[in-house]
Amino acid sequence: MAVDRKIRIAVVGGGPGGVIAALALSKSPNVEIDLYEAATAFGDIGLSLGMPWRPWRILRLLGLQGYLAALLPPDQIPKEDVTVPTIHYRKSDQAVGEDIFTCTSLSGYTRFRRSHFHAALLPHLPSNCKTYTSKRLVSYAEPSNASDPIVITFADGTTAECDVLVGADGIKSPTRASMYNYAADEAEKAGRSAEANDLRSKIRAKFSGVEVYRSVISAEQLRAAAPDHHAFRCPTQFLGKEKVRMPTYPIQSENSQFLNCALYICDYSREGEDYPEPWVTDVEAKDLRSSLPDWEPEAQAAVSCMGEVVSRWAICTLSPLPFFQRSRVVLLGDAAVRVTTPFSTFSSDHCQTLACYDELPRCRLRPGDDAYILSEILTHPAVTRDNVQKALEIYSEVRVPMSTHVLESSRRTGMDCALHDEVAAADLKSLGERMQQEMVWAWEWNPEDEKKKALDLVEERLV
């Protein structure tokens, strides 16, 4: 990377993925970074963040793990080489529930409040990284000349310039909209109308068929109704064949006197529909309390503790994207792949982040993975302002296959959690084994292998 011409990088989106990317990239003295956040303050939007083995390891590889470890008591710092029980699954749509399996994973599952996460990392941004709030991206202008800067436009009417744009701006990403509109226009001009239509269809997220009704419930109230409730021993998912599932787990708080309870209503016949705004809204809970009449007492007890009003979340997702890069613009995190549950926490998206303990391995996984690979590529000494587009092509080439796997695996596991396949649900032992197997890639696939693949391509093409 040429020292006499620094690469100006704009990171749009101040969620976990954007912050990690900015920190990792800013370690190079040959870049200048502007980090833009749409909200009035970093960490203002979103609940807690879940972190299993893979993102925890990536933070260590990036030299950032210690900042978060300082927030934890010594006995709660994850051990990367220890397998621990993480989530317990039960079939609960009957008078006496049945255990399905207990998911185990390396290092377990660590949670942080979003505000604590940002407070721990943001002070370590060096002087070559400037931060801005109340800057919501509207679009960017793709330059006709490779040497000209990218112009980005914000909702307040201001503009900025950069050499590289990193869109970490969530599932409703304006970066993705601009990128895929440019690609579609190009295909249209070349007479490829079907391709243009397909590209435009990838811009807007579609309904997954899952609505989540979320509530924070009192641990004291639940203990009075069910003193031996499974949720007090281990985060638990109660599953039912009526396409319903309910995770219940202690919420991240200073005194742990509350639990997060969520009721998932799954109708996969609606998968792929356009879901009207807003995706998140408050609704009355009275109908939910009577929605599990034949379920085991523990499940009914948890629902009975929900408040009068609950938050309804429509889980929307993206169809697989064929590329995460165009020109000198890349997509990161939910802007590139928004997976359905159960792999959808530690999200960079502001409107759609679910801090559910049932959602095991996604990074919570993907934004960190993306930031890790992108930073390793762009901080390679061979990358310059003149060849940075070729470097970004490598990022897309490496990340798309892995991200597509996560998307597909997430969908399969989400359906298993909803007992969607009645044949599979009839054999609980086999179902549990299948669900566990769908998750093991999250700690068996080493992120350093993906880094090696990326850097080998940099050496091959740019050196």
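Backbone N, Cα and C define each Cβ position, glycine as well.
Every protein chain shown contributes to the tally, and the Cβ of Glu37 (FAD binding site) ends up with 26 other Cβ atoms within 10 Å. Secondary structure from DSSP puts Glu37 (FAD binding site) in coil. Residues annotated as FAD binding site in Swiss-Prot: Glu37, Gly50, Arg114, Asp334.
Arg200 (active site) counts 17 other C-beta atoms within 10 Å of its own C-beta, drawing on all protein chains shown. In the three-state DSSP assignment, the secondary structure recorded for Arg200 (active site) is helix. According to Swiss-Prot, the active site annotation covers Arg200, on the basis of similarity to another entry.
Across the structure, Glu37 (FAD binding site) and Arg200 (active site) are spaced 26 Å apart at their Cα atoms.
Taking CA atoms as the reference points, Asp334 (FAD binding site) and Arg200 (active site) are 17 Å apart. By the criterion of other Cβ atoms within 10 Å of the residue's own Cβ, the least surrounded of the binding-site residues Gly50, Arg114, Asp334 is Arg114. Taking the Cα atom of each, Gly50 (FAD binding site) and Arg200 (active site) are about 32 angstrom apart.
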